[in-house]
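J.: The structure's right below; bear with me while I get my questions together.
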Ligand SMILES: Nc1nc2c(ncn2[C@@H]2O[C@H](COP(=O)(O)OP(=O)(O)O)[C@@H](O)[C@H]2O)c(=O)[nH]1
Ligand SMILES: [Ca+2]
């Protein structure tokens, strides 16, 4: 039975609509898939590398950093891809046989050759920075420290990297670069405050202060609210379009190992071969050779003539007495500024949050006082250290069989020293204690001066914000896809409505 004319036309109109709809839909899908495939085709990774050796007083660490070449001036793009702990002591310990200092780096340098692709090695900068151990050696015997550095230099030059030199960095540099590292990794440099001005309540991302505890020195660095009265402690940075007036001080001889040497030097009696020491657990004994004890810049002030060559240290495990001994090494009687930390050093009021790393982290992490998710108060920390000090050495050794005895035996002292340095030395109290984060790594990279050192020497932190597109690439593509879909939908609706009118006019529907 023939269908009425109107019905036939209606069907063919609908059929046309569906054909066009289908065509547009397939076109849109093909476009989106093509864009997605082309856009996400894995690009040949164009990455760059950098190597920094941290020659500390107690040991040397080698760090390898990697970043995308086309984004090197963006913030937060540099990642640590490898860390190698050099076997043996710090390079300053090789002063009697300097040629061994350079040779000691071989294992880690060979590892670096395995990490950095061969076709990148020639362009990969290689730096060695030595810290307080070498500062002390160069004070006592500059000739020997030069020999140690030449041995290091001669060995590092043999490798296929772009060798940029081995030098002793200053305490001020060590503090500054540690501050740059943690704020770079925390993303504190990127905030473009221009849009923040619309929300006066919103503060730009305030930088973190940096607290670094080594074996021979310790550094404190932060941006204070008030003026910095001593020029030696004042740094000015212009980073990513913002200016920073930074306070920093490095206390040579106040790393935890040299602080302990100061205690020994102060407490050892000229004729006693035994030293009862409250900073070590009960039952712990250590034999200390005191012949060279006063030859070190850090202990020279305590010099006394000794009639003994060896002293046996015997632990009595008393935190309060240990605290009394430790406080002796902080001189708080003289200050020519409006306020000081200790030893007459100017320090502004503490300001903001702080990242405490290196030995601050190693010790507080062991004592379970570094858990950011479960922060402990200053009182908790004191109680924890007091309890640990009072534990018998045998019990401690049984509970921590895998911990190096050198570290394990000194946690009572180190914990007491850290609390004294932070509270009495720097002035942290029960309230400001909560502003300290004990950190080992930030976003997978070790907190320390080496990353900041490399960023500075490779000019990867521009003074001004690099020009940036309003949208990220991904944002741009997403916007294009969405707008093309919207466009197709709008065209379709327009088409359908006018087609519907035509069909109505012709009486088709
Ligand atoms: N407990 C503990 N201490 C460590 C560890 N690694 C290094 N240390 C100590 O941390 C300090 C690191 O100091 P270092 O950077 O070598 O000296 P600097 O030249 O004064 O910065 C030393 O006192 C080391 O004994 C560790 O894994 N555990
Ligand atoms: Ca260090």
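Placed from the backbone N, Cα and C atoms, the Cβ positions cover glycine too.
As annotated by TrEMBL, active site, proton acceptor applies to 174. What TrEMBL records for 215, 216, 217, 218, 219 is ATP binding site. The transmembrane segment annotation in TrEMBL covers 17-38, 476-496.
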J.: Whole-number Å distance between the CA of residue 218 (ATP binding site) and the CA of residue 174 (active site, proton acceptor)?
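T.: Their Cα atoms are separated by 9 Å.
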J.: Taking the mean position of the Cβ atoms of 215, 216, 217, 218, 219 as the ATP site, which residues outside that list, in the same chain, have a Cβ no more than 8 Å away, listed in sequence order?
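T.: Here the nearby residues are 57, 131, 132, 171, 174, 212, 213, 214, 250, 251, 252, 254, 255, 256, 258.
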J.: For the residue listed as 'active site, proton acceptor', list the number of other Cβ atoms lying within 10 Å of its Cβ atom.
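T.: For the residue listed as 'active site, proton acceptor', the 10 Å Cβ neighbour count is 29.
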J.: Are there residues of the same chain, six or more positions away from residue 216 (ATP binding site), whose CB falls under 8 angstroms from its CB, and which are they?
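T.: Those within reach of residue 216 (ATP binding site), by Cβ under 8 Å and sequence separation of 6 or more, are 56, 57, 131, 132, 133, 135, 136, 252, 253, 255, 257, 258, 298.
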J.: Within the chain of residue 217 (ATP binding site), which residues six or more apart in sequence place their C-beta under 8 angstroms from its C-beta?
T.: 57, 131, 132, 135, 171, 174, 250, 251, 252, 253, 254, 255, 258
J.: For the residue listed as 'active site, proton acceptor', what is the secondary structure by DSSP, using just helix, strand and coil?
T.: helix
J.: Tell me which of the binding-site residues 218, 219 sits in the most Cβ-dense spot, judged by other Cβ atoms within 10 Å.
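T.: Comparing the binding-site residues 218, 219, the most crowded Cβ belongs to 218.
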J.: Where the criterion is a Cβ under 6 Å from an atom of ligand 1, which of the recorded positions 174, 216, 217 meet it?
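T.: Only 216, 217 meet the Cβ criterion.
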J.: List the residues of the same chain that sit at least 6 positions away from residue 215 (ATP binding site) in sequence and have their Cβ under 8 Å from its Cβ, in sequence order, or write 'none'.
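T.: Sequence-distant Cβ neighbours: 56, 57, 58, 90, 132, 133, 255, 256, 257, 258, 359.
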J.: Determine, from DSSP, whether residue 215 (ATP binding site) sits in helix, strand or coil.
T.: coil
